[in-house]
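Taken from TrEMBL, the feature domain 'Major facilitator superfamily (MFS) profile' covers 1-453. Feature annotation from TrEMBL assigns transmembrane segment to 65-84, 96-118, 124-152, 164-183, 189-209, 260-280, 300-318, 330-349, 355-375, 396-421, 427-449.
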Amino acid sequence: MALLRDPSVRRRTKVKAHSRIHTTVQDTSTPYLFMYHRKLGVDGAESNTTLSSGWAPFNAEDGTALLGEIDLAFLGVYAIGMFFAGHLGDRVDLRILLTIGMIGTGLFTAAFGAGYWFDVHNFYYFLGMQMMSGLFQSSGWPSVVAVVGNWFGKSKRGLIMGIWNAHTSVGNISGSLIAAAMLKYGWCWSFAVPGIMIALVGLTVFLFLPVGPDVIGIQEDLHLKDYEKSDMDTPLLERCSPDVKEKAVGFIEAWRIPGVAPFALCLFFCKLVAYTFLYWLPFYISHTAIGGQYLSDSEAGVLSTLFDVGGVVGGILAGHISDHLDARALTAASFTFSAIPALFFYRIYGNVSLAWNIALMFVTGMLVNGPYALITTAVSADLGTHSSLNGNSRALATVTAIIDGTGSIGAAVGPLLTGYISARSWSAVFTMLMASALVAGLLLSRLVVAEVAARMESRRTPAPAPSDLPVSSMEEP
């Protein structure tokens, strides 16, 4: 269920499928285009377009540019829509919002594929369908993070959300396999099948999803242990007195929560790096001699999934380390700074042999996706229940939307810049990625200093000496 809600699943499915619409690789402006540059599916002749001519208007000289515009429009609407979706998510029933978002996504995704059956060749039809799909999909991430956050206290949130966030990488791989499997029946099915699947899961969400413990009658016992921790381990949901009515936090007020702006800007650069790899890594692999040999398109696509496998490990590891150290910013910054040499070594030594490429790609995926996963889940949930909110829990979706929405802008910018820079030099692309990782880490420097200072202060403060008297003897008679 979480897998299908992840926008990267549907985005990768969409990219793989619409890349099949265009039949030749004319430039490098469209991610994943190379993977399905063969002719239309086996039933392509059923339309008025022959197997050799592709699908208008994407078979013209500017076809790849048109597909690039669809990608950019999709990501742009998704990023902008997320700000509004998060603001809305703290004010309505998350179950209803998720259901509407998932069913709407399914309808417009399937409608894009329906252009094949209805013989549509108008570019603005396909552009409009993807923009509407991006708008509905934008409700997903802030809503699911808020729901998962409602169920878990802060003490183990990093590890729990790190494991849960593995669905993004699993979804990337699954989306690739679904799109590839459906393409032999026609590119339309690569949209229709995922669209039907997510709509059905949306109905399941409506029928069975409890958005929080209180929905099924679980009260404060769920978070009792969190209350027993220090002030630095504030529980996720601080219960207000019955007389206090929670009020959803405003958009500007959410930006002012300490830590939201630095983490949001950090995620901009983290997602810039991560999504550049997500879109362009198979193309880079297929056009780089590894051990003196070039891999086929399909081999490059399969090999690139190891970056996502590394991302699964990185997300879980970052969450566990941040829980153990009680230092989210320090963990995220350490991963981003460590990603700089990893990117450098992958560029320099990734072509030595297949074994070296696999090892370096796995490590790079772990270090690049680790902070990305941590910030979009545990950090967003932490800040959505910050102590400055005075126990008001109705900021989870808004804060998550601000952070991930800002990051999604970077996700759109990175692949776009790579399309232009890679035409000149792939070394320049990796330089851009290393510079982005450096900026991402530096943006957290003040938070890192504050966390380190807090840890040092806590170690200098002696813990209260335990009493040998039984509890009963310490109470007044």
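Cβ coordinates are placed from backbone N, Cα and C, and glycine is handled just like the others.
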Query: Counting Cβ pairs under 8 Å to the transmembrane segment (355-375), which of 65-84, 96-118, 164-183, 260-280, 427-449 comes out on top?
result: 260-280
Message: Need one number: mean pLDDT over the domain 'Major facilitator superfamily (MFS) profile' (1-453).
response: 79
Message: Within the same chain, where does the transmembrane segment (330-349) have neighbours whose Cβ lies under 8 angstroms from its own Cβ atoms, ignoring anything closer than 6 residues to its ends? I mean 6 or more beyond.
response: 158, 263, 266, 269-270, 273, 314, 318, 321-322, 356-357, 360-361, 363-364, 367-368, 370-371, 374-375, 379, 426-427, 430, 433-434, 437-438, 440-441, 444-445, 448, 451-452
Message: Using a cut-off of under 8 Å between C-beta atoms, tell me which stretch among 65-84, 96-118, 124-152, 396-421, 427-449 contacts the transmembrane segment (260-280) the most.
response: 396-421
Task: Report, as numbers and ranges, every residue of the chain located at least six residues beyond the transmembrane segment (96-118) whose Cβ falls under 8 Å of a Cβ in that stretch; write 'none' if there are none.
output: 4-5, 10, 14, 17-18, 47, 55, 85, 88-89, 125-126, 129-130, 132-133, 135-140, 143-144, 147, 186-192, 194-203, 205-206, 209
